[in-house]
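Working notes for the structure below.
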Amino acid sequence: GHGAVTSPQTQRGYTAFVHTKLSRVIGASGIHTGTMSFGKMEGDASDKNIGFMLQDDVADGPYYRQEWEGMKQTTPIISGGMNALRLPAFFENLGHSNVILTAGGGAFGHKDGPKQGAISCAQGEESWKLWKAGTYGDVSLSDGVVEYAKTHEELKGAFLTFQKDADQIYPGWKEKLGYTGESSVQAASFNWQKKDLAAAFVGASTTRKASSVARRALDQSSRYADLSLTEEDLIKNGQHVLVAYIMKPKAGYDYLATAAHFAAESSTGTNVNVCTTDDFTKTVDALVYYIDPENEEMKIAYPTALFDRNITDGRAMMCSVLTLSIGNNQGMGDVDYGKIYDIYFPPQYLRLFDGPSCCVIDMWRILGRGTVGGGLVVGTIIKPKLGLQPKPFGQACYGFWQGGDFIKNDEPQGNQTFCQMNECIPEVVKAMRAAQEETGQGKLFSANITADDPNEMIARAKYILNQMGPMAENCAFLVDGYVAGGTAVTVARRNFPKQFLHYHRAGHGAVTSPQTQRGYTAFVHTKLSRVIGASGIHTGTMSFGKMEGDASDKNIGFMLQDDVADGPYYRQEWEGMKQTTPIISGGMNALRLPAFFENLGHSNVILTAGGGAFGHKDGPKQGAISCAQGEESWKLWKAGTYGDVSLSDGVVEYAKTHEELKGAFLTFQKDADQIYPGWKEKLGYTGESSVQAASFNWQKKDLAAAFVGASTTRKASSVARRALDQSSRYADLSLTEEDLIKNGQHVLVAYIMKPKAGYDYLATAAHFAAESSTGTNVNVCTTDDFTKTVDALVYYIDPENEEMKIAYPTALFDRNITDGRAMMCSVLTLSIGNNQGMGDVDYGKIYDIYFPPQYLRLFDGPSCCVIDMWRILGRGTVGGGLVVGTIIKPKLGLQPKPFGQACYGFWQGGDFIKNDEPQGNQTFCQMNECIPEVVKAMRAAQEETGQGKLFSANITADDPNEMIARAKYILNQMGPMAENCAFLVDGYVAGGTAVTVARRNFPKQFLHYHRAGHGAVTSPQTQRGYTAFVHTKLSRVIGASGIHTGTMSFGKMEGDASDKNIGFMLQDDVADGPYYRQEWEGMKQTTPIISGGMNALRLPAFFENLGHSNVILTAGGGAFGHKDGPKQGAISCAQGEESWKLWKAGTYGDVSLSDGVVEYAKTHEELKGAFLTFQKDADQIYPGWKEKLGYTGESSVQAASFNWQKKDLAAAFVGASTTRKASSVARRALDQSSRYADLSLTEEDLIKNGQHVLVAYIMKPKAGYDYLATAAHFAAESSTGTNVNVCTTDDFTKTVDALVYYIDPENEEMKIAYPTALFDRNITDGRAMMCSVLTLSIGNNQGMGDVDYGKIYDIYFPPQYLRLFDGPSCCVIDMWRILGRGTVGGGLVVGTIIKPKLGLQPKPFGQACYGFWQGGDFIKNDEPQGNQTFCQMNECIPEVVKAMRAAQEETGQGKLFSANITADDPNEMIARAKYILNQMGPMAENCAFLVDGYVAGGTAVTVARRNFPKQFLHYHRAGHGAVTSPQTQRGYTAFVHTKLSRVIGASGIHTGTMSFGKMEGDA
């Protein structure tokens, strides 16, 4: 499409030379450069200079010499009519052949097919090289190529195919090559049957018919034109986008033939016939259906099927429409020009576009004008457009808002160094707040978020919204839609649908100008803006301002605002799509407005008058008011207020009594003279013909002192240093819990805490609170009065019972800079951060936590819950009961088809299937093969059962981008069943950041929180971290729809019947925890998900304990272990619920629950089958069941005897059936050592083999359990097994079993080898994922009922697998270089943590940095420091930058700063990081990024590593002691934790002080 601007015909925009040069600057690896006159596209032999500019390090342009200084080259890509015969001369002109060829017809048009066509092109190059080397003697290039062709059949074939080119370039070729045939041969005669040899990789062969279309030069009218089609029928049919062009062929070309070639290039064709065309292809040809050669009119119908669609949601893409309709056709050699004058979208296709989400009606509402006929929004552009600094910019806003409504950034205003966004936006906010308070009216601001990088746009937008706070709706987002492209508009539309999207079209005139006969008109441009979602667009002033335009441009306004509107060629029905509001600017002032409104017919537009406001003689306030009066004067004249007078006279009459409009006459006298003849006499003006404009006295701005703030005097601190007993400061036992809750300003946390021997309880508790908030182990000189106001306070202790309660001010916790939301990682960093490794604390564990309502509202909470599942299942929204689900077993090892078959089998009787937590994108079961099988199974099961089905897909990954890619792929595959899909996130191993990724990016999906691995912290054995109760409670706060809660002692995992309180806390609106009552204030529930050894027999007692059955069951063995298969297993579980309900209702009289269930089973075969399958459970729970059910068989039956042959009934959806062998593994209780242990394996061989990750554990079985049997069960749960044999295991599955290869029961040592194929891989790039390694190695095995404890003490990664991880991108060497110490042995980097860790405000923080940097090298944020309200990042980081700059200048040495970017939301992390780098400017490399890797999870570390590889990645491990402490026999050691940090890419990690400091450790 570039030809619309770069064509020599077009005297606007830039040339093709400039366009391609810019591509190298912004990072293109290659760009299409045309063929320099040697192909079919426009061009000239001198265009070789384009190639030199792209590839050389120094190159001359038409005017300038450019030195590229080692910047990599951009490779020319040549295409457009090129074939083997044209190449030699092209290379000779260019001087080399180091280019990329993309020959369409040159390959697929070759008479012998694409293989020979490709070879012929390579031979074209070879022939030129040999001629150049003198191989053929002193002959012409033409003769040399012919000589080569004599012995090379493919090049010879090119002569026979492209004979016109041969005749022109190689005269006499026929005689030289001995060719005596016809002058034309049938092209595209490639025998497609040959492709059958490749059946293995392309699937079954397709019979193809030979093309019957003769090669008729470029006349393709027989295929690409059908003048019998009528526009009426095409519109009625609704399957085509219609486009009307003004098109002129080059001299000598037939109009219809050229039009058909135009349509061909715009759809399925090219300049020759090609062998790949088949019958279907022709069904999507674009067709010329109307031509008028005399008036150069041409209309083309494009089938909507031609256009690309999103893979994520099926929406339409405007870039695809434009790529076809004004793409390659803009540079065709036979077309003089072609420009779109109108375009029609059929309703069905139009609905696939976004359309506007907001419009002027939303502005009127904010301005208090209602929603109908709100009239003119009086706005301005801050002038000068560049050069104002932040305070003057804010003052200018304040001045205008005294009388006006709306201010926009001028399109180039953004984040210039002299007016940075983080300094300017706060000034705008202050001005808006002050103006609204003073005028009592709403005000509006349009902030420019345009950027090259969508991430930057999003970061800007979020920063602005955060600054705007409660005034966020008053903020529009301006996007320079022409220069940044439609992608930028879509970024704004889809990420911020609540904001008015202000489309600025600066630069459009390069294409739309009437002078330009390419591209599209301004009418078309603005029409497209409505389609893609602009709320408002600049439309020009229809000849009433200074820009190009015409009074007839009012049709643009009608097309943008009406629901049915006529364009030059087509009537468009918008079907209720919201309007796009015209924005008028460019020389407009109060005097020009009345006639503009009269031409348009209304005033429902937005005005942005720069000079019209700031040029007014009395200042911007009066300028704004004068514009509003211009509208009012027109309305009164229109209503007949001034009688039968001209509009001109009516406006003058109004001005007599309105000083501001009168002032506009005195200011803009030339306009007045032209539009209002005789105005001076009528207004009694006798002065000079011109007055001094814009004489506004800026001193008046001082009246606005209230909004810019007064200076603050700071007092010196009088706090003496008092060793470690900080109880006088960090404890206040007079505080009552009742008052703290009533006050609503504190998060309350209840701990079980024990000091080390010899330490005072209160003193230790106070030190704990100090380390958790503003203090440390000594008093520091930087503490001031404010700091103490945010101290955490111990308000209750009970040393005897080891109870301690701390109140944390909510102001302590970090907030998003993007939207002000709260962050759970900040809560955890403080409440279980460094306090988990304190030298005076034996242990400290959270047993309850209370969130005050005002703070709780800042968290997401769930967006979906079980109610949404019930609705899909057809059960209404109240009391829908048990959702019967399963986990596909084996958890790993199934390939895609068996996986789909297993889903289908279960869905015959069940509701819900979840991926097991390690299932993802393993090489043996890749997501792009597995998910389609799941979709087929779901569709078939829904059709057969007539009931909705649900699937929970695992999207967990280290990288949030990978998570989002997975989720979007899955939704795309699910299509109309997307709502049936939940997203599973391994929230413990991947961290809360991963949960937030899912919650905020996919709020319509049920968010399934899997907690595998949590037992490493929550286990009752572990006296650090938090309890399972707290863990699940926090899941509701951060937005989980459902979370695994254990089975309350009724399954195989750890737990207790009293765990039902977890369920109450998750589902009730008011619930009591061990210490606090939590009021949820209507926050949606988080549904308990129960799994782990559950089956139909265990369910009734579970429901009776809980009191209801409104939970989700995921029974693996309970379904797939059922003797009759998963369908009957699922039904049996539903019957387990039903039997409990009937017993509860008294159906079976006054009998025990046990007897009631047995009674039900007598008449229900599936539940009866559960008794026969799970006999040990039956014996334990239902004594005497055999007699009651009349069972006289053996005491055990073969489990999993499901007959897989039944699956063949589903052949339609699973494809060909696969023969399956019956399992020969006998059920040996939990002894799986015959399968999951092989003690003959040697470590040496395993390492040599390189296919296993080896993990060394200290593991102790529960009393009475065999060591090897327990170890094998541990390996089974960590890979492909479960607690029973299941019917889905096949031969392949066993090849990826984890194997115990060494045990030493006496020393409790166990080693397991995990095949690397077990671990999940990214779908985006195939990289490995640490969360997958941890999910298996310390996942469910951390809560097994037969394991007392199991902890990783070492881990080995084989080289081939290790290479799939990131590893560090930077290290201390990079720091030494900045510090001027070289790259070897640079020694100690002397750093500090700014203390107090919390409580310093920005200026004291910067002063503290400056003081340290006088002698030191490196400063880090303490891990909780972020964006607290008292020390916001946008105020603090500039102080750090000033301090760093000053210190570097004074000391002459580099300085380093590590900024904390940790957040729950990866988008927030990226926004913080980009903001900081922007502030750092040329000192960006001096900045490291700190991530709280333990509390935020490895996902957060990966966000930093992959998005900012040039920054030192500083891994803070606060909180790790909850797992790594020697006291804790679960999880992993500190050694393993730090080792893993290197694998995932940390540049540095806190390692403790090896006993030489205050934290735990050893030499």
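Cβ atoms are placed via backbone N, Cα and C, with glycine included.
Positions annotated as substrate binding site by Swiss-Prot, on the basis of similarity to another entry: H32, S79, N328, K385, R505, H538, S585, N834, K891, R1011, H1044, S1091, N1340, K1397, R1517, H1550. The DSSP secondary structure for S585 (substrate binding site) is coil. Around S585 (substrate binding site), the same-chain residues six or more apart in sequence whose CB sits under 8 Å from its CB are I381, H538, T541, G545, L607, T608, A609, G610, listed in sequence order.
According to Swiss-Prot, the feature site 'Transition state stabilizer' maps to K40 (among others).
What Swiss-Prot lists as active site, proton acceptor is K383 (among others), and the listing cites similarity to another entry. The Cβ of K383 (active site, proton acceptor) lies under 8 Å from the Cβ of A396, D410, G610, G611, F614, each on the same chain and at least six residues away in sequence.
Reduced to three states, the DSSP call for K1420 (Mg(2+) binding site) is strand. For K1420 (Mg(2+) binding site), applying a Cβ distance below 8 Å and a minimum sequence separation of six or more within one chain yields G1391, T1392, I1393, I1394, F1457, S1458, A1488, L1490, H1514. Look at Swiss-Prot and you will find K408, D410, E411, K914, D916, E917, K1420, D1422, E1423 tagged as Mg(2+) binding site.
The active site, proton acceptor annotation in Swiss-Prot covers H504 (among others). Classification of H504 (active site, proton acceptor) by DSSP places it within a strand.
Residues or ranges marked as site 'Transition state stabilizer' in Swiss-Prot: K546 (among others).
The DSSP secondary structure for K889 (active site, proton acceptor) is coil. The active site, proton acceptor annotation in Swiss-Prot covers K889 (among others).
Feature annotation from Swiss-Prot assigns active site, proton acceptor to H1010 (among others). When secondary structure is read from DSSP and collapsed to three states, H1010 (active site, proton acceptor) falls in the strand class. Sequence-distant neighbours of H1010 (active site, proton acceptor) (same chain, 6+ residues apart, CB-CB distance under 8 A): E917, T956, L984, V985, D986, G987, Y988, I1043, H1044.
Marked as site 'Transition state stabilizer' by Swiss-Prot on the basis of similarity to another entry: K1052 (among others).
Classification of K1395 (active site, proton acceptor) by DSSP places it in coil, neither helical nor stranded. Swiss-Prot lists K1395 (among others) with the feature active site, proton acceptor, giving similarity to another entry as the kind of evidence.
Just so you know, the Cβ of H1516 (active site, proton acceptor) picks up 28 other Cβ atoms within 10 Å once every protein chain is counted. Look at Swiss-Prot and you will find H1516 (among others) tagged as active site, proton acceptor.
Taken from Swiss-Prot, the feature site 'Transition state stabilizer' applies to K1558 (among others), supported by similarity to another entry.
Note on proximity: of the recorded positions K408, E411, K1395, the one nearest H32 (substrate binding site) is E411, by Cα distance. One residue stands out among the binding-site residues E411, D916, E1423 for having the most other Cβ atoms within 10 Å of its Cβ: E1423. Take the Cα of E411 (Mg(2+) binding site) and measure to each of the recorded positions N328, H504, H1516, R1517: the nearest one is H504. The Cα atom of E1423 (Mg(2+) binding site) lies nearest to that of R1517, taking the recorded positions N328, K889, R1517 as the candidates. Calculated from their C-alpha atoms, the gap between H1516 (active site, proton acceptor) and K889 (active site, proton acceptor) amounts to 38 Å. Cα-Cα distance from R1517 (substrate binding site) to K1395 (active site, proton acceptor): 18 Å (rounded to the nearest whole number). By a simple count of nearby Cβ atoms, those within 10 Å, the most crowded of the binding-site residues H32, R505, H1044, R1517 is H1044. Residue density at K889 (active site, proton acceptor): 28 other Cβ atoms are found within 10 A of its Cβ, drawing on all protein chains shown. Comparing Cβ neighbour counts within 10 Å across the recorded positions K408, H504, K1395, the minimum falls on K1395. Each of the binding-site residues N328, N1340 was ranked by the number of other C-beta atoms within 10 Å, and first place falls to N1340.
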